[in-house]
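These come from Swiss-Prot:
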BINDING   574, 578, 682, 686  Zn(2+) binding site
C-alpha cells in the first residue's frame, strides 16, 4: 500500500535513498543559471551539470542526487498562461534528479534503483506503473522486462522525439525511458502514444535519459566515449501519487498555501475563485524564490518575467475584492512550508516581503485605470471575439499590464487578443529604441569576436604573487583585425589603442567588480603603455595598449610590469568592499545580497538588495564598524579549497557567478564563535592585513532600482585627501566670515536667520507692489463696459505671492478682472482673478480655457482664480487684446 508522505518527507526520503547508494548530494543551484546564457532560468535538474555532460571526466563525483528549484515562465519553456487552470502546470516546481557522469555500465543499476525507490521505498503499487521506451531502444525494453517483470503490454514503444533527447543539433544525445502512473479509470485518457494520451489518466512521474551518443552532424551519430545518465522526477507529481490525489494543487503544500489565501482574502477556493487561489499560490512560490536568488522586478530581462508573475497573481487578488496589498502577507506561510529546506527564503524574508508589498502598491495605482480602459474597449466584444493588439499594447506600455495578464482577464469572457498586432507594436517600439542606440558594432567587429571565441587562449595569470613577468605576444589586434606588428612610425596622431595578448601576465583583467591593471610592457625594440586590462571568456587577459616608442611584433618576448601604486589602491578598495559587505550583513541583516560592485583606483561602489533607504545613523554605524575591523589589523587570508567545503564553512558566493570545483576564498578576521568576519569567494587582489587599508569613508547612499541600494565610498589615502580638502574648505569658510572653525555653525545659523528675514521682507515688498486699491484701479484699469481690466507683466516673482495678491485685490474690489503674467526662464505663468460679484457673467476658469486655445499650455482653477502655465510665445504680446475681446462679448 502506498505510504502517505508530505512533500518535505518525500524530498528528504529521495535524497537519503540515493545517498545510501553512492550518490553525492548536490544542493540546488540558483534559479539564475551561471553556465548557460541562453537560459533565463534553470528549468531542469541537468542545467547545473551541463559542463559534466560535455566532459564527464571533469566531474568530481560519478553519481549525484539533487532536488533542483526550477522556473518555467518565459522563452521556449513558458507555462505561465496555463498555470492555475490545469492540474499540473506550474511556474515554479521542484525536480528530483539523480545523475551518472562517465560510467559505462550504470544503465541497469540506475533503472533498478529508481524502480526500487518507487516500489519498495515509497510502496507505490507497481501494477499502476507502465513505461515508455524509444522504438529502437531494445536494450532498455529488455532491462525493464528483467528488472521490473513488465510484459510487453506495459512497455510502450514511442517513435517521436518525446523519447529521444538531444542537447542541440550537435552534441550529446540518446534515448530516454519514462515511467507513468495510472490514476485509474475515473480519469479520462489513453496510454502514452495514443490519440487520447493527453487525457490525464496516465501521468509521467519519472524520465530517464541515457546520453550514449554524440551527434556530429545531421547524418552522423557515434557512440560517446563516456556515457551519462540524467533522470528527473517532478516532486509535486510524486506527491499526488503518495497522497492519493490527482491534482497537484490538492497536495499538502498547496492545500496549506491556499488555506492561508482563503484566510486573508475571506474568499473560499470554490468556483471561479478556485482558479485565482491556485494562481496566487503558484506565483507566490515563483516570486519568492526568484527574489531569494537575486532577481529584482524590472522592465526587462529576468526582472520583467518576475514582474509578470507577480502582477498576474496581484490581479487575481484584486479580482477577489481585496483593496489592500495581500501577497506579502502570504510569505510567512510559504516559509513555514519550505523554509527549512530552502534556507535562502528565511534569509531573504524581509526583502521578499518588502518587494511584494511595494510592487502590489505600485500596481494597484495603475490597475484600476488599466481595467477601466480594458472594460471600455472590450464592452462590445462577445464570446469568441478578439481584442485589438493595439489596445493590449497600450495596456502594456502605459499601465504596465503584461500581455499574459490582459489575456488572463479576458479568458474568463472567452475573448482572445490579436497577438500579431501586439507583436508588431512591440517590434516597432524596439526598433525605435535601437535607432536611438548609437553603439552598434560593425560586421568586422562581429567577425573578430567570433574568431576570438574560436581561437581564444587561456592566459596564465601570475599577478597574485608577481608584479613583473616575462611574456610572449600571442595576438595583436587593431581596428578589429589581427595584425603582425604595431609600429610607432605608422601610428597616426591619435595613437589608436590596440589589443595585446600574451601567454602569461601579471596584469589583472577586469572581473569580479575590480577594474584592470595599468602599467608598462617593453623590450629592446619598444615601449608600450597599458591603459587597461580586460578579461574575455573568463580566462583570456587582454591588454589595452598605446605604443610609446618602437615596434612590437607578434611572438616577441616582452617584459611586463604593472603600476604597483595603482594595484595597491585597487587592493585597498577591494578588501574594503569585502569588509563593507560583512558590516552590511551584520548590521542590516543576512537578507543583504550583492547586486553589483565596482572596485576602482580612487573609490568603490557597492550595490545591495535592501528594501528601504539606509538612515544616516545606520551608515555611520556601518562606517564605524568597517574602520574598527581596519584598526584591528587582522590578517586577510587566501585559501584555495573545494567549492562545497567553502560554502559549508559559510563562504558568500555570487548567485550569477560560475565557480569551478576549486575556488579562491578570502577570509578576514574572526568572530567570537570562531567564524570569519568576512568570508567570500573572490578572484580579485587584496591587502595582506586590514590595517593596510588605513581608513574608510562612506560618501553616499542612494536607490538605483526597487529594493536595490548603492553605496559609494573611499578608502586609504583618498580618505586622508578628502579629510584634508574638507579641513582646508573649513579654513576658507572661517576666514571668509572672520570666525573660528568652532563658531562656523553659529555664524551660518545667523546668516540663515537673517536671510529668512530678508526674504520675508522682500516677499512683503513685492506683495505690496501687486496688491491694488480703488485709487490704483482708477489710474491703471481699462474700462470695458462696466468691467475694469488690470493687466500687468512682471518677472521673477514668487507665484504664491502673485496668487495671493490677485486673489485679495479681486476680493476687495468689485467689477474687476486682474491678469498678471509672470515670466521666469522662458516659461510664463498667467494668473487671472475675477471679482465675485461678476462671476455670473465672467469666470476665471472659462477665460483660461479660451486663452489656452489661443496660446497653448495647460491650466485650470475656479470661477474667481485660475492659472495657465506655458512656454513663452510671441502670442503673449497680443494677449491683452484677446482678453479685451473676450470681456467685451
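Just so it is clear, glycine is given a Cβ too, placed from its N, Cα and C backbone atoms.
Keep in mind that this is a model prediction, so the values were computed, not measured.
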*What other residues of this chain sit with their CB within 8 A of the center of the CB atoms of 574, 578, 682, 686, the recorded Zn(2+) site?*
514, 571, 575, 577, 599, 636, 666, 680, 684, 685
*Just counting, how many other CB atoms are there within 10 A of the CB of residue 578 (Zn(2+) binding site)?*
27
*Take the Cβ of residue 682 (Zn(2+) binding site) and count every other Cβ within 10 Å, whichever protein chain it belongs to.*
25
*Specify the secondary structure state of residue 574 (Zn(2+) binding site) as given by DSSP, simplified to three classes.*
helix
_Using a Cβ cut-off under 8 Å and a sequence separation of 6 or more, which residues in the same chain sit near residue 686 (Zn(2+) binding site)?_
571, 574, 575, 578, 636, 638, 666
*asked:* What's the number of neighbouring CB atoms sitting within 10 A of the CB on residue 574 (Zn(2+) binding site)?
replied: 26
